[in-house]
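Accompanying notes for the structure given below.
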Ligand SMILES: O=P(O)(O)OC[C@H]1O[C@H](O)[C@H](O)[C@@H](O)[C@@H]1O
């Protein structure tokens, strides 16, 4: 079978040998192996029992990014902390695609009170020989307009952060969360990491390139999503996270496509789609 569920994890297998795993908890992609190489980072200390969002892979941020004073939801919302339904395989020709769904009636009473909207999320994860595609559809099932943020919080595995760079963000404005949200314009063609980095690049082009430093290149093509966050916790933040090894900041970088700088406005009855295609160059 190209996809099967066992113990709340769906495993995708492509005839090329590529594989991916998606936990029903958060619909979090926790592994993507292509050409025999694991491309995603999951912390050795990640908590996988459903009591906390998974530290690594692709946690799905919805309906808020960070925290919002007027919406009493936990950081990054409820999607990454909820069990999703597995809807099964969509196609199985050159690609293996599986879908997951989350509806408002699967939330806790507190979550529904904090964000009182009727909605349906459908998340499609598609595996080809050389690509991973993750696309989210949001359906507003109310008659009123709904506002949300969403982001694919992708943790990429790298050999050594010292040799990693991200291309495609030059000349875009970013909010620097390490500097209290101060905005600046990026002037580097290749963004490298040598300290704590937590930047929200706003309204950026859809094509980015991640050089993982070992000769491998990943192309990240987003669609329907405006912004890109680049994050590495570096030394002190790493030490402060219970579910992240002290030295693991060397082995990961988050490049997170999403719509987070502004609310997405979705009218009643309407559907929104956004996501990313990650390709091995
Ligand atoms: O610790 P988490 O809630 O998973 O958040 C991890 C990180 O997510 C994003 O990258 C934010 O920009 C960071 O500010 C945050 O620290």
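Every residue gets a Cβ built from N, Cα and C, even glycine.
TrEMBL does not curate its annotations; it predicts them automatically.
What you are looking at is a predicted structure, and each value in this text was computed from that prediction instead of being measured.
Listed features, source TrEMBL:
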type	residues	note
BINDING	55, 75, 80	substrate binding site
ACT_SITE	153	active site
ACT_SITE	256	active site
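Feature map: annotations from TrEMBL on the structure.
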residue : record                 : DSSP class
55      : substrate binding site : coil
75      : substrate binding site : coil
80      : substrate binding site : helix
153     : active site            : coil
256     : active site            : strand
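With respect to their backbone Cα atoms, residue 80 (substrate binding site) and residue 256 (active site) stand 14 Å from each other. You'll find the Cα of residue 55 (substrate binding site) roughly 10 Å from the Cα of residue 153 (active site). Cβ atoms within 8 Å of the centroid of the Cβ atoms of 55, 75, 80 (the substrate site) belong to the same-chain residues 52, 53, 54, 59, 76, 81, 153, site residues excluded.
In sequence order, 61, 151, 152, 153, 154, 228, 229, 230, 231 are the residues near residue 256 (active site), counting only same-chain partners six or more apart with C-beta under 8 A. Highlighted here are the binding-site residues (55, 75, 80) whose C-beta falls below 6 Å from ligand 1: 75, in sequence order. Sequence-distant neighbours of residue 75 (substrate binding site): residues of the same chain at least 6 apart with a C-beta under 8 Å from its C-beta are 66, 67.
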